[in-house]
Amino acid sequence: TTGSPDRWKRTSGRPLGTTAPAPPTTATSRPSPTRSSPPCAATTGLAHGIAGPLGFLSLAQLAGQTVPRQHDAITTAAHWLLTWAEPAHTWPPHISGTHLDTGPGPHTSNTPGRRTAWCYGTPGIATALTHAAHALNDRHILNTATAALHHIATHPDQWDTKGPTLCHGTAGILQAANHHNPQLAHHVAIPQPHSAAPGLLNGTAGTALALADHGGLLAHPRTTTWDAVLLLS
């Protein structure tokens, strides 16, 4: 059935979104991913999980850049994400191997990660699904993504964000909402004080770009695709 995680397993035997275990490392080198938390989990987010490849492949197909089985990969990843969508229009950022075997359920609601941030949560995942919906001409996927973005933009009391930035904060919600529906973005308020860091993902540069984009201040055509690096456009 469409709800069975086994349907979306790769021929390698590993569930979609997982990585192969790495060999143990010495105390002086980088920590082994096998000892990270949560171990051997599938991940869903745009920056950390399957939504990233999904968004990239979908945008490539929309631009006419295709390779064999690309359409199948987009379909598989999109429906896998639909399988794990939660009633609150969010997704579990991490899915353990045990939960992959048992399938979606209330037990995934306590997994760590910011469900409403661009990197881990709904803004990035719903945007990737929007790209997929256009690439596949799939109304059901588009409706799911639209409902998720509308819900997060209009329910700030449910946000789990950190500051005003693009990656973990409200600027990521603003930019995703602005692409989907500029009127929807009016619901998103950027909190004070702004970050003192100058960076794009976690600093003032990203926050300023999101605010300028929403305010119509990016007049030059080349500046309107600045967030392509975030797979938002």
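Positions of Cβ are set from backbone N, Cα and C atoms, glycine also.
If you check TrEMBL, you get these features:
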REGION    1-44  region 'Disordered'
COMPBIAS  25-44  compositional bias 'Low complexity'
REGION    93-112  region 'Disordered'
BINDING   Cys119, Cys167, His168  Zn(2+) binding site
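Long-range Cβ neighbours of Cys119 (Zn(2+) binding site) (same chain, at least 6 residues apart, Cβ-Cβ under 8 Å): Gly45, Leu46, Ala47, His48, Cys167, His168, Gly172. Of the chain residues outside the Zn(2+) site list Cys119, Cys167, His168, Ala47, Arg114, Ala117, Trp118, Tyr120, Lys162, Thr165, Leu166, Gly169, Gly172, Leu201, Asn202 have their Cβ within 8 Å of the site's Cβ mean position. Within 10 Å of the C-beta of Cys167 (Zn(2+) binding site) there are 23 other C-beta atoms, taking all protein chains into account.
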